[in-house]
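See structure below.
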């Protein structure tokens with residue numbers, strides 16, 4: 001699969017290849033490679049690409065140019081507001097929402113595409129001209145206006161493939177003089193009819209005013225980011241940037257204070273206005289027990305942490321004090337409250353408009369707290385999160401950029417090795433054994449999987465598909481497989497740490513659930529642990545591409561019977577609820593420190609017992625509350641099992657109660 005050069009959501013006008021075809025406009029996800037310009041349906045709620053709707057071979061493109069927008073189009077060429085019926089609402093011209101059209105001309109006529117911004121249009125035209133520059137049939141004249149109602153608005157010619165009416169001034173392609181890649185074509189002299197057309201004055205092409213920075217969203221970099229390819233923009237922690245393009249995808253286009261533009265990872269930034277993420281005292285994903293452990297280790301009077309509360313949308317201030325007479329010190333947790341007027345307080349008499357103002361006040365005044373907030377405490381190294389790919393658009397990875405350092409083990413698809421990308425970035429390299437995977441299907445789906453980005457998912461970086469075996473490149477996790485981690489470290493875990501592992505996995509699965517993406521093989525063996533003990537979910541969705549019948553058949557020796565609900569064992573019916581069942585078994589694995597589920601039974605006996613209603617017993621490290629959560633995942637009726645969102649809420653409640 002060729003690397004994607006550009007990827008954007010545009011409005012596409014129907015090409016009306018038949019005279020009876022309707023004129024309509026649809027949002028499409030456009031992808032450009034060196035070989036094809038393709039467009040797809042796009043699911044905005046799930047943030048993923050849909051079915052392919054069409055493509056154009058790059059070698060067939062003869063011209064790429066802007067189009068002069070039609071002024072005051074009639075109602076039939078206008079579109080309704082999103083979500084409203086056109087017969088019941090004010091019509092809005094298409095150019096008001098996607099005001100920057102351009103055309104891609106090929107052997108079947110012009111394809112009209114509408115961009116939401118002038119900058120995005122310019123970039124696409126530039127890249128398209130770059131990839132077609134060696135084409136042999138580039139035209140010397142084009143139509144600057146739309147083809148509408150059977151004719152071009154600029155010259156009234158009625159043949160869709162009629163020669164253009166305006167001469168291109170060496171703008172179509174970018175060949176240097178004397179290039180041997182294609183013969184230079186001199187334009188033919190105009191016919192008398194064309195000469196008359198050319199003498200007609202054309203309507204002036206509108207000039208787009210540069211985007212004012214006051215109209216753009218301002219963000220602050222949370223981490224440094226060094227560009228990995230030419231499309232990227234460098235980030236410096238604490239500096240401000242302006243967002244030029246924002247999407248559901250994990251890369252946004254931005255501009256720095258010097259006017260440099262490029263793509264940045266969206267998980268490396270936060271909104272500049274009233275954001276608390278940039279402050280040293282804030283730890284977004286820290287739990288109550290982690291905060292207590294860190295404050296005790298620091299042992300400083302007035303040490304404090306501001307963290308997300310277990311209650312959605314709330315914050316908690318955790319404070320350590322020695323002055324209470326307790327030899328080990330005392331930790332108090334204060335929920336940041338708010339009034340109906342959006343004023344924040346810890347003590348009701350002291351109200352503030354923002355949380356930073358609140359913290360600043362209590363850094364100088366205890367005002368009812370166990371101690372004033374003297375020392376912000378945080379993890380020594382707040383590691384930057386993984387990016388979705390090694391730079392924007394970097395999908396196909398060059399094997400020459402990989403250095404293999406050591407073998408990590410052997411998985412379902414082959415050997416896994418630890419290595420470096422370009423000598424500096426840690427990666428895991430899965431070398432796919434030939435015949436073990438449906439490779440073509442995986443490669444098509446992996447582009448979607450790369451856009452799944454969450455801090456508790458092992459990030460897919462890219463693939464190497466131009467040789468065999470193919471490689472899958474992912475985030476490296478230093479402590480390896482969760483199952484082995486549990487077995488090897490079994491005497492060192494406190495129950496609170498085990499619950500945090502469950503929370504980590506549940507957060508990842510809630511994210512996949514929100515994207516309507518199934519894992520299909522959730523188990524401790526398919527989760528990995530990083531150097532800080534954070535658990536991340538791996539191999540999501542890969543089981544669909546296994547070619548081994550012993551793995552894919554429910555009666556096969558390798559099928560994950562012990563993690564499968566009745567509807568999967570009997571009917572191979574996978575759903576988010578079958579992932580819920582598997583999560584309950586994974587919780588059991590964690591609290592049993594890596595034991596085999598149903599260890600006394602064979603696979604066939606296990607399947608029989610599950611069908612009869614047998615469920616796993618409560619591990620001795622699991623409290624009744626924890627066991628209630630895992631047991632709720634094993635309801636015989638799939639619809640009666642909770643969602644991952646509910647499970648996460650229940651786990652957070654237990655974390656607060658048992659800490």
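Cβ coordinates are placed from backbone N, Cα and C, and glycine is handled just like the others.
The feature N-acetylalanine is assigned by Swiss-Prot to 2, with similarity to another entry given as support.
Among the features that Swiss-Prot reports, 1D-myo-inositol 1,3,4,5-tetrakisphosphate binding site is placed at 26, 28, 39, 53. Taken residue by residue with DSSP, residue 39 (1D-myo-inositol 1,3,4,5-tetrakisphosphate binding site) is part of a strand.
The phosphotyrosine feature in Swiss-Prot is assigned to 40 (among others). Same-chain residues at least 6 positions away in sequence with a Cβ under 8 Å from that of residue 40 (phosphotyrosine) are, in sequence order, 28, 29, 31, 49, 50, 51, 52, 53.
Of all Cβ atoms in the protein chains displayed, 21 besides its own lie within 10 Å of the Cβ of residue 165 (Zn(2+) binding site). The Zn(2+) binding site feature in Swiss-Prot is assigned to 143, 154, 155, 165.
For 223 (among others), the entry in Swiss-Prot reads phosphotyrosine, with the evidence type experimental evidence. In this structure, residue 223 (phosphotyrosine) belongs to neither helix nor strand by DSSP; it is coil. Listed in sequence order, the residues of the same chain lying 6 or more apart from residue 223 (phosphotyrosine) and placing their CB within less than 8 Å of its CB are 235, 237, 268, 382, 384, 385.
Swiss-Prot lists 344 (among others) with the feature phosphotyrosine, giving a large-scale study or a structure entry as the kind of evidence. There are 19 other CB atoms within 10 A of the CB of residue 344 (phosphotyrosine), with all protein chains counted.
According to Swiss-Prot, the feature phosphotyrosine maps to 361 (among others). For residue 361 (phosphotyrosine), the count of additional Cβ atoms within 10 Å of its Cβ stands at 18 [all protein chains shown]. When secondary structure is read from DSSP and collapsed to three states, residue 361 (phosphotyrosine) falls in the helix class.
Taken from Swiss-Prot, the feature ATP binding site covers 408, 409, 410, 411, 412, 413, 414, 415, 416, 430. Under a cutoff of 8 A between CB atoms, and with a sequence separation of 6+ in the same chain, the neighbours of residue 414 (ATP binding site) are 430, 431, 432, 433, 436, 469. According to DSSP, residue 414 (ATP binding site) is assigned to a strand segment.
For 551 (among others), the entry in Swiss-Prot reads phosphotyrosine.
The motif 'CAV1-binding' annotation in Swiss-Prot covers 581-588. A Cβ distance under 8 Å defines the sequence-distant neighbours of the motif 'CAV1-binding' (581-588), meaning residues of its chain 6+ beyond its ends; these are 502, 505-506, 509, 519, 521-524, 527, 560, 562-565, 568, 597, 616, 619, 622, 626, 629-634, 641, 644, 647.
A sphere of 10 angstroms centred on the C-beta of residue 617 (phosphotyrosine) encloses 11 other C-beta atoms. DSSP assigns residue 617 (phosphotyrosine) to coil in the three-state reduction, outside any helix or strand. As annotated by Swiss-Prot, phosphotyrosine applies to 617 (among others), with the evidence given as similarity to another entry.
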Distance [Cα-Cα, Å, rounded] between residue 412 (ATP binding site) and residue 165 (Zn(2+) binding site): 61
Surrounding CB atoms that lie within 10 Å of the CB of residue 39 (1D-myo-inositol 1,3,4,5-tetrakisphosphate binding site), all protein chains: 21
Of 28, 143 (the binding-site residues), the residue whose Cβ has the fewest other Cβ atoms within 10 Å: 28
26, 28, 39, 53 excluded, remaining Cβ within 8 Å of their centroid (1D-myo-inositol 1,3,4,5-tetrakisphosphate): 12, 27, 29, 30, 40, 41, 54
Residue 26 (1D-myo-inositol 1,3,4,5-tetrakisphosphate binding site) versus residue 154 (Zn(2+) binding site) - Cα distance in angstrom: 25
Per-state residue totals over the motif 'CAV1-binding' (581-588) - DSSP helix, strand, coil: 8 helix, 0 strand, 0 coil
Shortest C-alpha distance to residue 155 (Zn(2+) binding site) - which of the recorded positions 26, 344, 361, 408, 410: 26
From recorded positions 361, 408, 410, 416, 617, the one whose Cα lies nearest residue 26 (1D-myo-inositol 1,3,4,5-tetrakisphosphate binding site): 416
Whole-number mean of pLDDT values that fall within the motif 'CAV1-binding' (581-588): 98
